[in-house]
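These features come from TrEMBL:
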{"type": "TRANSMEM", "residues": "6-31", "note": "transmembrane segment"}
{"type": "TRANSMEM", "residues": "70-87", "note": "transmembrane segment"}
{"type": "TRANSMEM", "residues": "99-122", "note": "transmembrane segment"}
{"type": "TRANSMEM", "residues": "178-200", "note": "transmembrane segment"}
{"type": "TRANSMEM", "residues": "212-233", "note": "transmembrane segment"}
{"type": "TRANSMEM", "residues": "297-317", "note": "transmembrane segment"}
{"type": "TRANSMEM", "residues": "352-377", "note": "transmembrane segment"}
{"type": "TRANSMEM", "residues": "397-420", "note": "transmembrane segment"}
{"type": "TRANSMEM", "residues": "432-448", "note": "transmembrane segment"}
{"type": "TRANSMEM", "residues": "454-470", "note": "transmembrane segment"}
{"type": "TRANSMEM", "residues": "520-538", "note": "transmembrane segment"}
{"type": "TRANSMEM", "residues": "550-569", "note": "transmembrane segment"}
Amino acid sequence: MGEELYSLLIWYATLLLIGWGSFPIVFTLFEHFPDRGFSFSKTLGLLLTTYFVWMASSLGFTQYHRTACFVSAAGFFAANGVLTLFNRKQIWKYIRTDWRVIFGLEGLFLLFFLGAVLIRIYTPDLTGAEKEADFTLLNAILHSNTFPPKDTWFAGSPINYYYFGYTIWATLIKLSGVIAPIGFNLALATIVALAVSNSFGLVYRLTQRVSYSLFAAFLLMIFGNLDGLIQILQRGDALFPYDWWRSSRVIPDTINEFPYFSFLLGDLHAHFMSIPFVLLLLGLLRQFAGTCHPKSSNASLVPLVLCLVVSLGGTAVINNWDYPTVLLISAGCLFLAFHNPLWKDVVPSRRLFYGIGLFALLTGLSYAFFLPFYAHFTPQVTLKNLRLVSAVQRTELRYFLIIYGLFLWTLGPVLLKNIFNLRSSSLARQPLVIRVNSVLLGLVLLYVCQSERVLLLSAAMSLFFLYTLYRDASESANASFAWGLLLMAFAIVAGCEMFYIKDFYGHPLERQNTIFKFYYQAWIFLALGIPYALYDGACEALRMSKILKFLWKFAFILFCAACCCYPILATCEKTNRFRGATQGGLPYLPTLNGITYIAYREPDEYAALMWIQEHLEQDTVILEATGRPYSFFGRVATTTGRSTVLGWGNHEALWRDQTWQTIMQRTQDIQAIYETLDKNMIMELLHQYQVEYIYVGKLERESYDSRGLEEFQPMFPRVYENGSVKIYAAPF
């Protein structure tokens, strides 16, 4: 544990340095935020440091190695140093007067970071679900000198996936000097802490209340859905073994992950990695909405627009599924910006022209700033894949309530406030009975239209928040921003009830990825908008009768407690109740090293993999067996960052070739090399894929005919042997 403790300390020290080194720029950008952007400093620092080294390497100015990462960080810190000189009085004054804010935010980050690390050291194994695929992408980038990085599961080709998120963590791994299997787990913990810090800072900007900001952080990253409690009620007295997986599969034949499940699962996947960077973008957009007006100076607007461009473009190449929604939110924030009272002297048509022009500029630049990525990226899903959802495919209301029950209940006071206290023109003049009857009519429709209940409910909520957004646009930017997030969340849900994106998966999983990717975004937007809605509706709750107020608060507490059931019980189950070697758990726990499990389960394989790490060049191509996904196949490329002919075939089909033609060809060629007795064919295929070493281990013996494997010994020199593993050198 000594090396791992050192890795933990140096990782946190690197984050601390990046955060403080970025403070001058966030201090300048987030001038309207109470914390002056300190909650976003680490996220922005990671994004910009990575962007500079990625761009330099993509354009061929440098190779992607540790020195280049240090130069990028040093250049970024130098730019911040210049900003410090210009703003030293204001920065120093802020630190002296609001040091409690800074230390409080740093303490919040550290608390959640260490808490997440504690969980990871009891669930460190980089195996199961998507962890091997994620570790493959991370290791491929770490062992690539240029961009686009090599695809180590498809030798000879670059990665055809939105890889920028992995580049961010690879850069932090290079800067800190920790090894990749430890860095993987530390990255997962860091995402949690960054998301908590960012969400706290953003909601504090909206509410100026610590309690609502903490509630946002818990809604986003800690709470689960109501299935956690439902499992307890169904099981009776026996809490364990607890089905921690089930709560992510509420809607049949779909995936319904939420952030805490993603963290507990441990996949360093794009949808989870993107959370802090989506929050950063939202923070920049909120700042922009209050800064863009005729009296603002170029000195404050230009840096903000540039950071917005990088953040918007970065969101697309971290998780491409986020891009349509954040584009719409960006357009909404421009709408808010041009409804600022300072624009009242500018005619509406000109404001509209400015808004459209600025949106086009932001969108175009966000693409142009990441052009080296798009030059080598072929999307497998486009608008041509859009399909209509049939009535039988739609989500049942009970599943929707299980997922979003707490969110909906929390909206109660703000809904009551706006339904019974409407301030807009004709509606405000209507008798109360008409408004009540409208609500009752909506309830009747929900009852009658069984297959469309979720669609009707989410569409009605979308329209409601569209109304509140428009109503408050020129009066309260904070309120309008929150209503916009809630509008987007419910519009996403409504959209998923009307359309799905046809992809790799067939019946009955057609909607699996659509629900997965977009419901996840809806959770994020709800977690940020709901606390403001609670804050806004608090006065209405106070005006309730004592009995109603008590009942609402009591139910609210019950909902929160219900949503705590999952994180508590699932964590205990997944970590085996935090049992290490001395408590009867696995003998290698606790550890941060994600590949220690290989040393425990397959010591010969582990020794061979470590030998490859130490002795073979990083651009080496090694032949290994290919086979079923979500298994130990592909372990050489995954663990060492060296390329192989084919790793998990279904993932490569998903990423680059949904016809499976190239996948099947490579599968057959690998089988031919391992099984054929024709030496000329072996040499021809090895040359075709530029294979330099042939790996023969347990999986190769289980997968291929032993007669072919025996042919390697007289043909090729054996460079490594250890028990069940042999490695041969091909003559190239």
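For all residues, glycine too, the Cβ spot is worked out from N, Cα and C.
Below 8 A, the CB atoms of the transmembrane segment (397-420) and the transmembrane segment (352-377) form no more than two pairs separated by six or more positions in the chain, fewer than 3 in all. Contact between the transmembrane segment (550-569) and the transmembrane segment (6-31) is absent: fewer than three CB pairs lie under 8 Å, with pairs separated by 6 or more positions in sequence.
Within the same chain, residues 25, 28-29, 31, 44, 47-48, 51, 162-164, 274, 277-278, 280-281, 284-285, 287-288, 291, 323, 326-327, 330, 362-363, 365-367, 369-370, 373 sit at least 6 positions outside the transmembrane segment (297-317) and bring their C-beta atoms closer than 8 Å to a C-beta of that stretch. Touching of the transmembrane segment (212-233) and the transmembrane segment (454-470) is ruled out by the presence of fewer than three CB pairs under 8 A, sequence neighbours closer than 6 excluded. When Cβ-Cβ distances below 8 Å are used as the criterion, the transmembrane segment (99-122) is approached by residues 4, 8, 12, 16, 19, 34-35, 38-39, 42, 185-186, 188-190, 192-194, 196-197, 200-201, 217, 221, 263-264, 266, 571, 574-576, 578-580, 585, 589-592 of the same chain, each at least six residues removed from its ends. For the transmembrane segment (520-538), the residues of the chain that approach it from at least six positions outside its boundaries are 199, 202-203, 206-207, 209, 212-213, 215-216, 219-220, 257-259, 271, 275, 278-279, 282, 321-322, 325, 404, 407, 410-417, 478-479, 482-486, 488-490, 492-493, judged by C-beta separation under 8 angstroms. Sequence-distant contacts of the transmembrane segment (6-31) (same chain, at least 6 residues past either end, Cβ-Cβ under 8 Å): 37-38, 40-42, 44-46, 48-49, 73, 76-77, 79-81, 83-84, 87, 90-91, 94, 106, 110, 113, 117, 172, 175-179, 182-183, 186, 190, 283-284, 287, 291, 300, 303-304, 307, 592.
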